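Below is one structure; the comments refer to it alone.
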Amino acid sequence: MSRGELLVIFCMGLVASTLPTYFLSKLIAIFTVPHYLAEPANQWAEYTHEHLPRWAVMPRGPALTWYFEGLPRGQTIPWGDWAVPLFWWMSLVAASFVAFLCVVVLLRRPWVEHERLDYPLMELAESMLEEPRRGLWGIPFMGSPAFWVGFGVSAFGILWNILSYFNPVFPAIPRRFAPIHLGQEFPPIDTNLYWPIVGFGYFIKLDIGFSIWFFYLLAVLEEGLFNRVGFALTDPDLYGTSFVAGGWQSLGAFTAIVLWGVYVARDHLRGVLRKAIRGDPTVDDSAELMSYRAAVLGLSLSALYMLAWHCQSGMSLSVALIFTAMVFITYIGITRIIAETGLITIRAPIVAQHFTFYTLGTVSIPASALVALGLSYGWYGDMKTTLMPALAHSARLFDALSGRKRQFLWPLAIAMAVGTAASVWFIIFMGYRDGAFNYGGQLSGELSRWPWNIAVERLRNPVATDYRKIGFFFVGIAFTAILYALRYRFPGWPLHPLGFAAGASYPVTNVVFPLFLAWGAKALILRLGGIRLYRTARPFFLGLILGYYFAAGISFFVDMIWFPGEGHDIPFSD
């Protein structure tokens, strides 16, 4: 196959892989559990059922019971009972997909051509498709001995530990190590070693790598000092950072980064509007996945539909506007941070639902809107895998190919459509086959109950606007603005705003040690041998990435053959 065909296949897989587990399985859980798992103890029926839109949840009945408990012998899956909620949820999913794709199209040029973001996660994919094709399997870096050293270092621990699967007495190589404690009331610093993070971290710019671990340590010190003096905002919120004040500061940083990016791209965005409205021939959009007119129209219509959907589900217009705006800010912020830092994933430090709760105060939010915000966790919440970064990285890869880029839009659309349809079908089929209740976790366990427990808690104990949290949010915005000003005023300023945004967020709190190792190795290599030694060492770090995932794949097949239904833990980032 040609280089272009391989890239298209890779991007289709990249996009489709973001959909099944942390997105669609959570979505289906959110609209199936409200009636089935309701009981007097959780008070869901008393507080939420009257506000649930009938078209958005599965009603009580055999179809719902069989999904959670297994299909009786002789019965067929009652797909008709799923038609209404699936139709409306998939319409929201489709609108969000269109919106994300349009945002990526509108921001590709300033990110790729003007600001020249690095996209470290694509280093491996681009390296595997370098021309001329030579070396093992036509992959140039596989001909380097350094690659095989890195491959062996990374794979050895997992492959060695496979032997302990068969005999627990066999000594296993530890994968997690004791955390570092700075003192009483200070959170522990994880020292877990994830070789892929070291590999990807090598391709992060030094100032960004330094800033991530520096601001992480600063957040640890800040949290410890707050604990020492007894200052606390509230308990951590669902999917938010454990350090609440730091999370709100990070959310302010997310917001400032997105707004700054829009400001920096203002000339480009003016040109986009001229092209979309007047067809300005001086603005060239031939290198984009779709025309600027289609992107502006698609983003406008999809955003309006998302607003209308949420209003129809029970949100007031003010709630829907604040929630939807923060959804876009966090998704764009996540995409920008991943594109520059090479982090495999990152969560928003505070999700949009809780931003809405504390900004407006739940005392002023109607009960129907609070229930609708609980429903919104179905498509926006635990963002370990998100579509927008996958689309942005795909657009970046397609930029390296010659020819019209419009032809690459359809493979991405097919990947999104087929990935969504296949995932939804399999999740529902799996529930009827085995009983979704038996899976626990996201489908019927605590993860699926949390949003509805939160909705009940907000209804039972309403709170006013939390000005302390909003204050930390604006502190984050102001500090990020200062960091940007210092970077522009003093060339070589070492602290990057992205590090401040990511430092207190998941998964940095879990992977800061390998990020530190990657930064230290890169800094030392550049100091000792400059760019030549950096390029010589590059295959070693690519080997760290491939070796780990190769060995993890071997472990998976061993579990599938000899330990079906049991499995063994392969740590990645949590």
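Yeah, the Cβs are placed from backbone N, Cα and C, and that goes for glycine too.
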Range annotated as transmembrane segment - as stated in TrEMBL, picked from 6-24, 386-404: 6-24
Chain residues outside the transmembrane segment (238-265) and at least six past its termini with a C-beta under 8 angstroms from it: 107, 110, 114-115, 187, 219, 222-223, 226, 231-232, 329-330, 332-334, 336-337, 347-351, 353-355, 377, 381-383, 450-451, 454, 469-470, 472-481, 484, 497-498, 500-506, 509
Recorded stretch that, among 6-24, 86-107, 193-218, 408-432, 540-563, has the most CB pairs under 8 Å to the transmembrane segment (146-166): 540-563
Cβ-based contact of the transmembrane segment (355-380) with the transmembrane segment (408-432), 3 or more pairs under 8 Å: no
Segment-level pLDDT (mean, integer) for the domain 'DUF6785' (2-435): 93
The transmembrane segment (498-519) vs the transmembrane segment (193-218): 3 or more CB pairs under 8 Å: yes
Criterion met for the transmembrane segment (193-218) and the transmembrane segment (408-432) (at least three Cβ pairs under 8 Å): no
